[in-house]
């Protein structure tokens, strides 16, 4: 079983943000340092961490936010990966580049590295910021809708949000697609950005006991990038210190049915043919992509089978027609609409249109 680098890193980031009264997390920090070393053992065989550079970067970021020094060798592993463009492709690349850039900025800002290395980290973070601006699509989205908040966090953390035109365009795209952020994990990525902050600001919080339900006084003190129209679309999220939404209207029912063309492709060399499945699937009008997969399995229980894995971001497609996407093999099931447009949502969130063709493509990263 691979190390739980990313999961423990996210837990420690969340723990720091809650201003714990004592330090029960000291042993967890030690475990995270251990995981970072165990994770890197995979590089000796595979040339990359056992988990991913995304999780590895999250681990470094979490240690920095807890004001813990990281061995220079650990930091240089990420610098080398960025220099040689090993951080992934597409939305996955944006997520990973952003996490790594945030880790670099944190280490440099908290003065947890020497002067020479700090200059390298600063340059690498700004290079990542420029790369994300170049990756922005005409719709304002950077990578995909879920990676866009990560890119915005980098603009905020590096102070480029006031001068980078991509920031305003990406924020506008984010506000138009807030319905995509329906899980706790995706909300945790987007809410700091909507408040004008990044995960780095957790490190500068001054925690102290307070009366009432709120503990922790936040001295954010970094770049606030105001954008006209922020408040009205998301006001119900900010009015309290909780995630309790106000005045939410229930989704309207969509009467009738629709037919979705479902295609399964495997363009990898070891697949016996490119197109493995190509059938119309009738479903209710409000059906999601996950509902389409379930309907296909019900229509042909012996021919069409799939499996998913529950994650904090929702169900993740892991196997289709017996072909499994595995992290150690560096492949995944890419979701597209015809002819070649990646979906911006997960299988449980995307609602296809009547007559739309959806492609499940086993791809490498």
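Along the chain as shown, residues are numbered 1 onward.
For all residues, glycine too, the Cβ spot is worked out from N, Cα and C.
According to TrEMBL, the cyanocob(III)alamin binding site annotation covers 51, 52, 53, 54, 55, 95, 144, 189, 333, 334, 335, 343, 365. Cβ environment of residue 333 (cyanocob(III)alamin binding site): 317, 318, 320, 325, 360, 361, 362, 363 lie under 8 Å away, each six or more residues apart in the same chain.
Residues annotated as disulfide bond in TrEMBL: 64-106. Neighbours of residue 64 (disulfide bond), defined as other CB atoms within 10 A of its CB across all chains, total 26.
Marked as domain 'Transcobalamin-like C-terminal' by TrEMBL: 287-363.
Distance noted between the C-alpha atoms of residue 51 (cyanocob(III)alamin binding site) and residue 64 (disulfide bond) is 20 Å. Long-range C-beta contacts of residue 55 (cyanocob(III)alamin binding site), restricted to its own chain and to partners at least six residues apart, with a cutoff below 8 Å, comprise 5, 6, 9, 39, 49. Between the binding-site residues 51, 144, 51 has the most other Cβ atoms inside 10 Å of its own Cβ, all protein chains included. In space, 53 is the closest of the binding-site residues 53, 144, 335 to residue 64 (disulfide bond), judged by Cα positions. Sequence-distant neighbours of residue 335 (cyanocob(III)alamin binding site) (same chain, six or more apart, CB under 8 Å from its CB) are 289, 317, 342, 343, 347, 350, 358, 359, 360, 361, listed in sequence order. Cα separation, residue 106 (disulfide bond) to residue 144 (cyanocob(III)alamin binding site), rounded: 25 Å.
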